[in-house]
Amino acid sequence: MRFELDGRIIFSKDVTKEAQIEILEVLENRDIFLKGVPEGKEGDASKIESYKFEGKDLVLKMTSGTYTRAHEGIVRLKKPIMEKIGRNHQIGIRDVTIDKYVITIDSEISKVEQLKGLKVPECELKLEGEKINIIFKNVGDGELKRNIIDRAIKFVKNELDKQDQDLTYEVCKIAPGTIVSEYQAQRKTGFFSDPTDLAESLGWVKKFPGRGQWFYTPPMAKLFRAFENLIIEECIQKIEFDECLFPKLIPLDVMYKMRYLEGLPEGMYYVCPPKREPEMFQDFVNEMMIKKEIPIDKLKELLRDPAYVLAPAQCEPFYTLFDHELVDIDSPVKFFDKSGWTYRWEGGGAKGLDRVNEFLRSECVWMGSPKFVEEVRDDTLKYAEDLAKKLDLEYWTEVGDDPFYLEGRKKDDRSIEFPDVPKYEMRLWLPHIKEERKGVAVTSANIHGTHFVEGFGIKDYKDRKVWTGCTGFGLTRWIIGFLAQYGFEYSDWPDMIKDKVLEMPKIPKMITWP
């Protein structure tokens with residue numbers, strides 16, 4: 001996508017030459033637009049192509065790709081400009097307006113032609129060959145705050161996707177993205193900083209060399225265990241799940257049976273066992289010692305073909321346990337696992353603490369009759385929402401658009417029974433993201449119907465219907481959502497957390513860090 005914006009920042013009075021000089025310092029600082037942009041994608045962030053001052057107006061031409069879109073970029077300029085000139089020059093910002101905004105989406109000609117006649121509220125749609133142009137005119141600060149631009153883009157992209165949608169959209173009886181419940185915090189939120197930035201500066205976390213990995217120091221580890229215990233006590237134990245220890249190194253054959261390899265093969269870490277040839281490894285070691293670098297090409301020769309993945313969903317071993325077994329749905333099974341990390345390769349999408357490649361979850365998996373499976377899913381979601389209310393955490397629950405077992409798949413050639421709603425996703429509000437109301441997904445409650453039952457040949461001994469379901473409570477994300485709303489001051493935290501944490505441990509002090 002390409003974004004081309006003509007807009008203006010309107011001040012409370014004419015901008016003096018002295019104030020203009022200070023504003024230019026902000027305009028020339030591109031770091032404002034790079035926050036949250038993945039490494040290597042900086043070229044897709046907002047750029048100021050030209051600017052000029054006209055009395056009270058700062059007139060801007062801006063462009064961008066997908067990251068820090070131009071309409072987000074112009075809004076981001078407000079705060080640093082006010083910090084520069086507000087007090088020193090007694091000038092305020094009265095409004096931010098967009099005179100004209102052209103958003104271009106590239107697609108196949110055949111798909112573009114199918115959008116002919118489509119009406120998008122509050123904007124104009126122009127179709128030109130392989131290009132879809134969404135054109136806004138005279139958009140004010142109020143419309144920006146209502147996210148009409150992002151909604152219009154999502155609307156058009158959804159219309160495109162309908163022509164080639166994931167199986168999720170075909171299966172789901174309620175439109176993905178529909179909010180089914182929400183809760184507004186009773187207290188006033190007074191913390192608006194990025195929890196990742198502050199956690200780093202305080203020394204609660206430190207970036208690990210691997211992409212999307214972090215070292216969690218004692219204060220953060222203490223908070224992890226506090227939330228883990230709370231989720232077990234307030235959610236998992238109330239539904240009487242039994243704890244198991246699930247393997248985290250999953251054979252490729254298991255992933256094949258799950259059909260995970262069809263939907264998201266690019267989202268996993270693949271594991272290659274080494275060849276048992278010590279003399280060949282000695283050559284590798286010798287070369288490394290002499291060259292003082294790791295000879296990757298030689299190492300590749302010493303590895304067998306990929307045979308495993310690191311668990312990307314955490315529930316994989318559950319279905320393997322019942323592979324080609326006869327079960328009794330009158331004796332349903334409810335297991336949970338909290339024994340280790342889950343791994344997903346996010347590539348360039350890994351950012352901050354809320355989207356990582358290595359994360360901790362408490363994973364519940366169950367099997368029984370369709371009615372039982374649906375009731376358990378509803379209970380896991382209910383108790384998660386109850387916990388958020390007890391902690392006075394603002395949240396909403398929506399119909400998910402990416403149940404892990406359907407993600408990326410366009411069709412299923414088997415006679416699979418799917419639930420009306422495969423996935424609900426509960427999100428905690430992130431108040432530091434001001435351009436739009438965003439949340440971090442903390443609980444994912446899924447029903448698979450007969451998807452895994454068919455894949456693993458699981459049958460009821462009376463030939464009755466067997467379904468499965470799973471709910472993941474993402475510890476890493478629960479903590480990010482909590483810190484985003486409460487901040488890092490122990491005294492500001494609710495008693496429910498303090499009673500679990502008791503006393504916060506100290507951070508090891510070094511000369512150079514934190």
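Note that Cβ sites are derived from N, Cα and C of the backbone, with glycine treated the same way.
For ALA313, ARG344, ARG361, SER362, GLU363, the entry in Swiss-Prot reads L-serine binding site. Swiss-Prot lists CYS315, GLU363, CYS470 with the feature Zn(2+) binding site. What Swiss-Prot records for ARG344, TRP345, GLU346, ARG355, VAL356, ARG477 is ATP binding site, and it gives sequence analysis as the kind of evidence.
What Swiss-Prot annotates, mapped onto the structure for a quick look.
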residue: CYS315; record: Zn(2+) binding site; Cβ contacts under 8 Å, 6 or more apart: PHE246, ASP337, GLU363, VAL365, CYS470, GLY472
residue: ARG344; record: L-serine binding site; Cβ contacts under 8 Å, 6 or more apart: GLY267, MET268, PRO312, ASN357, PHE359
residue: GLU346; record: ATP binding site; Cβ contacts under 8 Å, 6 or more apart: GLY212, GLY267, ARG355, VAL356, ASN357
residue: ARG361; record: L-serine binding site; Cβ contacts under 8 Å, 6 or more apart: GLN314, LYS338, THR342, GLY472, PHE473, GLY474, LEU475, THR476
residue: SER362; record: L-serine binding site; Cβ contacts under 8 Å, 6 or more apart: GLU228, ILE231, ILE232, ILE236, PHE336, ASP337, LYS338, GLY472, PHE473, LEU475
residue: ARG477; record: ATP binding site; Cβ contacts under 8 Å, 6 or more apart: ASP354, PHE359, LEU428, VAL440, ALA441, VAL442
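Shown are the binding-site residues ALA313, CYS470; of these, the residue with the fewest other Cβ atoms within 10 Å is ALA313. Separation of the C-alpha atoms of ALA313 (L-serine binding site) and TRP345 (ATP binding site): 12 Å, rounded to the nearest whole number. What surrounds the Zn(2+) site, by Cβ distance within 8 Å of the Cβ centroid and not counting CYS315, GLU363, CYS470, is the set ALA313, GLN314, PHE318, ASP337, CYS364, VAL365, ASN446, THR471, GLY472 from the same chain. There are 26 other Cβ atoms within 10 Å of the Cβ belonging to GLU363 (L-serine binding site). Neighbour density for ARG355 (ATP binding site): within 10 A of its CB lie 20 other CB atoms from the protein chains shown. Pairwise Cα distances among ARG344, TRP345, GLU346, ARG355, VAL356, ARG477, the recorded ATP-binding residues, top out at 17 Å. ARG477 (ATP binding site) falls within a helix when secondary structure is assigned with DSSP. The number of other Cβ atoms within 10 Å of the Cβ belonging to TRP345 (ATP binding site), over all protein chains shown, comes to 18.
Neighbour density for VAL356 (ATP binding site): within 10 A of its CB lie 23 other CB atoms from the protein chains shown.
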